[in-house]
Structure formats: C-alpha cells, structure tokens
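All remarks here apply to the structure that follows.
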Amino acid sequence: MLMYFVLHFKGLWIFNLYRALYMASPSNYSTAPVSEFLLICFPNYQSWQHWLSLPLSLLFLLAMGANATLLLTIQLEASLHEPMYYLLSLLSLLDIVLCLTVIPKVLAIFWFDLRSISFSACFLQMFIMNCFLAMESCTFMVMAYDRYVAICHPLRYPSIITDRFVVRATIFVVARNGLFFLPVPVLSSRLRYCAGNIIKNCICTNLSVSKLSCDDITFNRLYQFVAGWTLLGSDLILIVLSYSFILKAVLRIKAEGAAAKALSTCGSHFILILFFSTVLLVLVITNLARKRIPPDVPILLNILHHLIPPALNPIVYGVRTKEIKQGIQKLLRRL
C-alpha cells in the first residue's frame, strides 16, 4: 500500500512538472492569440525616418489642402455642378481617405515611435488600402467613359451622363470593390499567428502580415492576386479602349483647332491615369524583384503611392481646367 501511494504521488508530480514545462515552453507562447502588431518601418535603415518625416508631412498637408480646396470649390461654384466634376469629387474623397488611413500612422511612428497597432485596426487598414485603391482605378474607368461619350457622342452626352448616372456609377464603384476585397482581411484575420507580431513594414499590407502566420497562406495570396489583377486589369482594358475610340474620333475631325480642343478636355484625365498606372507598375515590379533590391525600397514606394497621386490629382486638374481654376480664384477672393 505504501508503495502504491509513493508511485501514485510520483506519477502526479511528474505529470504536473511536465504540464508546467509545456505551458511555459516558447512554442506555446508563440501560438498565443495576437492582440496587436508592431510596425517596424525600414528595418535596415531606420535612420531614414527622421529625414523622411519632413517631406512626407509636407506632401500630406499638400494632399489634404489641395483635395479639400477642390471639393469646396466644386461644392460652392454652381457652374461646376456637372457630372464630370462630381466624378472628380469622388476621386478626391477617395484620395483623402487613403491618405488618412496610411500617412498619420506612418508619421506617428516616425515622430513618436508609436509602432503598435491593434489587431482589428491593422486589418481595417488592410481592407481600406486594397478596396480604395481599386475604387480609384474604377473611378478612372468611369471618367474615361465620360470623356468617350463627350467626344464620340456629344449630342447624346446630356442624356447619358446625368446626375443619376453619377449616383449609379458611385454605387457600382463602392459595391464592386468592397465585395471583392472584403475577403482579403477576413482571410488574414482567421489565420493563426505564431511567428511573432513584428511587421517589417510601415503599413499592414496583406503580404507583410500573412508572413507571420503558421498556416498555409497560399489561398490568401492567390485570392488577392486574382481579385486585384482582375479588377485593375479590366479597368485598364476599358480605359485603353475608351481612349482608342476617342483618338479615332479626334483624327476624323477636320475643323481647324477642334481636334486640339477635344484632346485638351482629356489631357488632365489622361495625365492622372498615366501617373497612377506608372507608380502602380513600379510598385509591382519592385515587389516582384524583392530579392534583388533592398527591402526598404518597396516600403518607401508603397508609402509614396498612397501620398503622391492624392497630392498631384487636384493640382493637375486645377492647373489644366479653366473652370476649376476660376472657381478656386473666386473661393480665395471670398476668404
């Protein structure tokens, strides 16, 4: 009987010791639920942060100020209450949301070393970045269609491009991209994160976050790749087709100066599309060539992609569009 109690006591002691060691093991801590992430901007060149904070701050203020001025001008100037300018307002709103989603957090990291971001905030940022980027592309496509109707079917333009068309186009832009990109953060949030919580990026991109998971992320990456290229690719194809028809129609115009006038109405829009596509293409190429270039370069380009187009879009339209320029001058006189 004594031997039985000794063996029983010894067995319980060994079991409890094993359980204590297992619970304290690093592997178990690594599989604990992640409540927040730490954003490490430029892991190899963190001294860049102090030098970059000033130009990024100036660009951010420029983007916010220029887009706010454009929206206010279109709102107050009755002559700008037309579908083309409503679409431009939509583009400015998207730019403002993208800037506010990314840049303040980046500057908070640079200035105050506030690297932590909550689990939910990280995936919300991921959704807004993916969704609103595709919304901008879709808005450019709708604006290209607007110019196509204006030049190729000018007599039918007032009956086709109406305020109701703008409302329907806005609903389409929001619904299409929201539904397609909602699964991206949902899939990422359902992963088990066991490789730490340090994100080597300034923002919560799907690629940077999913690397921390110990689950298979093939479907996650494949879905974002297919959804992104399907939506952006289809928008680009329709934009190219619209401008092909526009160019074909313009070349048929024989009246002196009419061709140049028709092309000038598309100039601002074409410049913005070209810049948007070029920056996006450079960003994609640098991400594909990560092994050949420093990892901090794609991070910097990703930040600039959310900052430079929003800063330039209202400026290009303000400089090249006579009606907007006059509206801004009237607004400044009122102030």
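Glycine residues also receive a Cβ, built from the backbone N, Cα and C atoms like all the rest.
According to TrEMBL, the domain 'G-protein coupled receptors family 1 profile' annotation covers 66-317.
For the transmembrane segment (52-73), same-chain residues at least 6 beyond its ends with a Cβ under 8 Å from one of its own Cβ atoms are 80, 88-89, 92-93, 95-96, 99, 103-104, 106-107, 110-111, 300, 303, 307-308, 310-311, 313-315, 317-318, 324, 327-328, 330-331. Residues or ranges marked as transmembrane segment by TrEMBL: 52-73 (among others).
Only residues 6 or more beyond the boundaries of the transmembrane segment (85-111), in the same chain, are considered here, and those with a CB under 8 A from a CB of the stretch are 39, 41, 49-50, 52-53, 56-57, 60, 63-64, 67-68, 70-71, 74-75, 117, 125, 128-129, 132-133, 135-136, 139-140, 142-143, 146, 163, 166, 169-170, 173, 202-203, 303, 306-307, 309-310, 313-314, 317, 323-324. Marked as transmembrane segment by TrEMBL: 85-111 (among others).
Tertiary proximity for the transmembrane segment (117-144) is limited to same-chain residues at least six positions away from its ends with a CB under 8 Å from its CB atoms, namely 34-39, 84, 87-88, 90-91, 94-95, 97-98, 101-102, 105, 169, 172-174, 176-178, 180-182, 184-185, 188-189, 199, 203-206, 209, 224, 228, 231-232, 235-236, 238-239, 242-243, 269, 272-273, 276, 306, 309. Residues annotated as transmembrane segment in TrEMBL: 117-144 (among others).
Annotated transmembrane segment per TrEMBL: 165-182 (among others), in sequence order.
Among the features that TrEMBL reports, transmembrane segment is placed at 226-250 (among others). Among residues of the same chain six or more beyond the transmembrane segment (226-250), those with a C-beta under 8 A of the stretch's C-beta atoms are 130, 134, 137-138, 140-141, 144-145, 147-148, 151-152, 176-177, 180-181, 183-184, 259, 262-263, 266, 270, 273, 277, 280.
Sequence-distant contacts of the transmembrane segment (262-285) (same chain, at least 6 residues past either end, Cβ-Cβ under 8 Å): 136-137, 140, 143-144, 147, 150-151, 232, 236, 239, 243, 246, 249-250, 253, 298, 301-302, 304-305, 308-309, 312-313, 316-317, 320-321. According to TrEMBL, the feature transmembrane segment maps to 262-285 (among others).
Distant neighbours of the transmembrane segment (297-319): 41-42, 48, 52, 56, 59-60, 62-63, 66-67, 69-70, 88, 91-92, 95-96, 98-99, 101-103, 106, 129, 136, 201-203, 205, 268, 271-272, 275-276, 279-280, 282-283, 286-287, 290, 325, 328; these residues of the same chain sit at least 6 beyond its ends, with a Cβ under 8 Å from one of its Cβ atoms. What TrEMBL records for 297-319 (among others) is transmembrane segment.
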